[in-house]
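Pulled from TrEMBL:
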type	residues	note
REGION	A:1-29	region 'Disordered'
TRANSMEM	A:36-60	transmembrane segment
DOMAIN	A:93-307	domain 'ABC transmembrane type-1'
TRANSMEM	A:96-116	transmembrane segment
TRANSMEM	A:128-153	transmembrane segment
TRANSMEM	A:173-194	transmembrane segment
TRANSMEM	A:232-252	transmembrane segment
TRANSMEM	A:288-307	transmembrane segment
Amino acid sequence: MSAPTTARPAGGASAPGRAGPRRGPSPSVRRQRRAAYLLVAPFMLVFAAMLVVPLVYAAYLSLFREQLVGGNSFVGLENYARALGDAAFGSGVVRVTLFLVIQVPIMLGLALLFALALDSGRLYAQRFVRLSIFLPYAVPSVVATLMWGYLYGPDFGPFTQVAEMVGLPAPPFLSSGWMLGSLMNILTWEFIGYNMIIMYAALRAVPADLYEAARMDGAGEFRIAWSIKIPAIRSAILLTVIFSVIGSYQLFNEPNLLQTVAPNVIDSAYTPNLYAYNLAFTSQDLNYSAAVAFLLAAGIAVVSYVVQLTSQRRARS
Amino acid sequence: MSAPRKPLRSRSRALAAVVAASALALSACGGGDDAGGSGDDGGSSVEPVSQEEIDEAMSTPTTLTFWTWLPDAQKEVDLFEAAYPDIDVELVNAGQGLDQYTKLRTAIRAGEGAPDVVQIEYQYLPSFTLGGDLLDLGPYGAAELEDTYPEWVWEQITQGEGVYGIPQDIGPMGSLYRQDILDEVGITAPTTWDEFAEAARTMRQAKPDTYLTNMPGNDPGQFVGLLWQNGAKPFGFDGDQTVTIDLDTPEVTEVVDYWQGLIQEDAVSTDADFNDQWYQGLSNGKYASWQTAAWGPVFLQGTAANTSGLWRAAPLPAWEEGDTATGNWGGSTDAVLSSTENPIAAAQLAKFINTDPESALTMATEQFLFVPSDVVLEDPTFLEAAPEFFGGQQVNQLYTDLSEEVDTDFGWLPFMDYVYNSFNDTLGTAIDEGGDMEAGLQAWEEDITSYAEQQGFTVQ
């Protein structure tokens, strides 16, 4: 156990000002540690009660099969095998992957563009613009979706009204061909401001003297943005990418609510999350639902990890 | 999503969830103060509970929890509490239909927090009797009520010798028409489905913005009601392990083919129902008729208030000239959970609010439920009501007559939430997209059959 302490880089950034012979923590350090544990305790408690325990329980449930007739029996990984061969689950995963591949680049690209524009300091009414872009995020997704459901309305929705006024056919926002695009639109509006704020905050932390140096070398604003700003906030962008990946696979609220206006377009397995919910609450198949949820979580973990890994590699090269 | 709906559909789900959450907390606390509950073991014997036992239970201080989505159920509960001052009823709205069943199943599984009395729709009773979760109300005086209900209603709540709910409201189906639109186009309310199809085509030609009716792809309740009218018996459950799934019959196919034809000709619309879009369609004349249940007239008065006086009610079109059969769409019962600690008081509550003349009539006239009990169906103030909305027509009388025409023998599967959900994904989608309904029907049958097998049922 002593190896790590001796291997520590002397005077390294990890132990500023506390170098010296290690004789166990002093009483004051110990007190501070206790305080630290005390402060994180509430979080850890809630975390354990609301996340860890249910997760473990769900994992346990996923190994059983309870039938309406015949009762409960241990089936091992059978539920997982069933999920892997389940066409409904598969089509949901493909659907959200498609969603991810198209919507996330658009949303994050726009968010980055807005963040750079705000950071350039060349906008009038900057605060107002910033707030306006952020505002849709402050609207609860339930409200936003209901609102969009109204806007999309095929007979009396505003878009239809406008189209009819101009003599065009009504855009079928809620048809099966358009639905995924309509959902992408809703989510883009909902989360563009959120992602923009993360990127903008990171941009504000980039030291300004870098820009001055670049300007001296004759770089224009676009060049500065491309070669300095974007690389400087790479980790913030990566964070938004990971959030968006997770968010896409967890799509639930929006399709669930649009189901009331397009019940036959959004079926019970439209997204994997919706599928897991319906399995549990309308099919009364809690065990299978738990397995589906676990597979989904595993999938998300893998995809997030791959995203992180590839972007880190790119950063190093 | 597919629960038969009633006027209170617009109630906010979020609110219901909050109410339910607090209700669970409340009822969990309230469970402690049961008062020794004499005659608690009455449920296990088939012997009727004696009057002394009832009297004793009803004069012992007791708290009952009652889950219902009935608006203003407090009115009926107040009457009950006035009659039995020692019984205290806690009223909880745990959401409507599926929302409530989900919570109920959770509470049953958890072993606590379940109510004593609960509102359950007819088609969901088997899914709760399957697990033995409902109390047989026969020994508690329900068996004597048989003669006060239409025969088919009684069939809906019984299984073998057991009586598992007290009927609260029903939905025998009829047709509501926009008289002004029919007059404009020059057609009379069709009395057969053939005439109806002809009228639908005429309507499309004469008035391109209007459809004679709408056939939603998301309303298995309505569709099953129409199957019911044609004598189909698609579902059955023996109360044990055997279910009947029979969608491949001439009676079902006839209905499916009929609507397939109309939908492909664009003679009827296929909008999803019970959403804003559809409400607007009802009030601005997009649909000239609605084939709906007995609760429909009052629902319409609330939804399309601006069309007052323009509507008329008629029986459903018949398959054969002169035929009077109809189906049922929706309606609910009050059932008692077998886990209750006060079975006598709980059974009395379920019985009282639905059969006490004052209580039942309050439901019929103030909450506008179509109460199937004789105490309402034979009451002149109910029958002779002539609402302005229907041009003074005695709509209640019409639907009361219709309630006698419902085929008595129509069963359900013990997993109707799955069946209705599956309808939306199969046959319903075919309706919505104007696709191949025969194939949709087949997909529906296959899906629910494989579900039944997966759940361990023997499928016949």
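Every residue gets a Cβ built from N, Cα and C, even glycine.
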*Report the listed stretch (A:96-116, A:128-153, A:173-194, A:232-252, A:288-307) having the maximum count of Cβ pairs within less than 8 Å of the transmembrane segment (A:36-60).*
A:288-307
*Could you tell me what the rest of the chain brings near the transmembrane segment (A:288-307), counting residues at least six beyond its ends with Cβ under 8 Å?*
58-59, 61-62, 65, 79-80, 82-84, 86, 89, 93, 238, 241-242, 245-246, 249-250, 272-273, 275-277, 279-280
*Who are the long-range neighbours of the transmembrane segment (A:96-116) in its own chain, taking Cβ under 8 Å and residues 6 or more past its ends?*
133, 180, 183-184, 187-188, 191-193, 195-196, 199-200, 203, 225, 229-230, 237, 240-241, 244-245, 248-249, 251, 271-272
*Residues sitting near the transmembrane segment (A:173-194): Cβ under 8 Å, six or more positions beyond its termini, same chain?*
95, 98-99, 102-103, 106-107, 110-111, 114, 133-137, 139, 141, 144-145, 148, 152-154, 157, 159, 244, 247, 251, 254-255, 258, 261-262, 265-266
